[in-house]
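Engineer: I am attaching a structure below and will ask some questions about it afterwards.
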């Protein structure tokens, strides 16, 4: 027993082996328990807020908070472990109150700690936003659906700036107010650099007030066509017709001509039915009447009088122009209706024994009488 005691009190760099073992043990314990302990903390917090979380599952809360809690636990265990060690005097390091390695290490550690707290706060803000997003989805108005992500982004920015200035003041002992008021030219440079961000922020406020579109609307902007998925404080996310997610700065959403397809009641279709020249006038007249009758009998196309007329005598065809309006704002319904009408037009043309025209050219060769005489 005395041998063990002597061995534990044996010093390495002015630290007893006993303290070194405590250091290694605490570090090892932190590695072992951080995952389980962070999961337990997340579950415990979720139980207290379960009544307000609606149908949002525990898995979503754990997914958002587990890793920040793991980082916090790791940092706390590292701090606890280092309290069992002392800096060897032979190194000649200054105390933590004076500039030196100890001050640098201490400030770096607390910077990581502040970043971990900030990260956890951001994840909690995102979870609260999920709760409000779910409640907004239950209301008939789409306005609150687009306000939730907007205020979520604003809150995250405010929280991040608060953590940053708190860290400057408490850890690095910087007079924040003096720093802000003394920016001068530097502040002007920052303002110029942030000009585009400020423009996007002002544009987002304009979008919220004027509401040219809301989440779920189908829009056409320049070469972009798709559905609004999210309106943020800086940009708007659009799901294009081919499934791609496009991020558009808000200033472009307010400065360019934007077509809100959802707010129009009709989608217009115009195309030509080209028949061959051997179609008789009587057959042509009957085909036009049947196409017009079908359009007038379709409840999606009879709100406005359709146009079916023989418009052109083209080079290779008799061109019947077909114009109608489909009473829908949905692209899918429009295409389904158009497809059904196209199939019916094909049936009408075939029922009357007519044929569709295709590009062709007839070549007539006139032989001279001398050439004919030579061949005979």
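Note that Cβ sites are derived from N, Cα and C of the backbone, with glycine treated the same way.
Copied straight from TrEMBL:
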DOMAIN    197-262  domain 'Mechanosensitive ion channel MscS'
DOMAIN    271-354  domain 'Mechanosensitive ion channel MscS C-terminal'
TRANSMEM  20-41  transmembrane segment
TRANSMEM  69-87  transmembrane segment
TRANSMEM  107-129  transmembrane segment
TRANSMEM  150-168  transmembrane segment
TRANSMEM  174-194  transmembrane segment
Engineer: Counting by DSSP secondary structure, give me helix, strand and coil numbers for the domain 'Mechanosensitive ion channel MscS C-terminal' (271-354).
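Structural biologist: The breakdown for the domain 'Mechanosensitive ion channel MscS C-terminal' (271-354) reads 38 helix, 21 strand, 25 coil.
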Engineer: Count up the helix, strand and coil residues in the domain 'Mechanosensitive ion channel MscS' (197-262) according to DSSP, in that order.
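Structural biologist: So the counts come to 22 helix, 26 strand, 18 coil.
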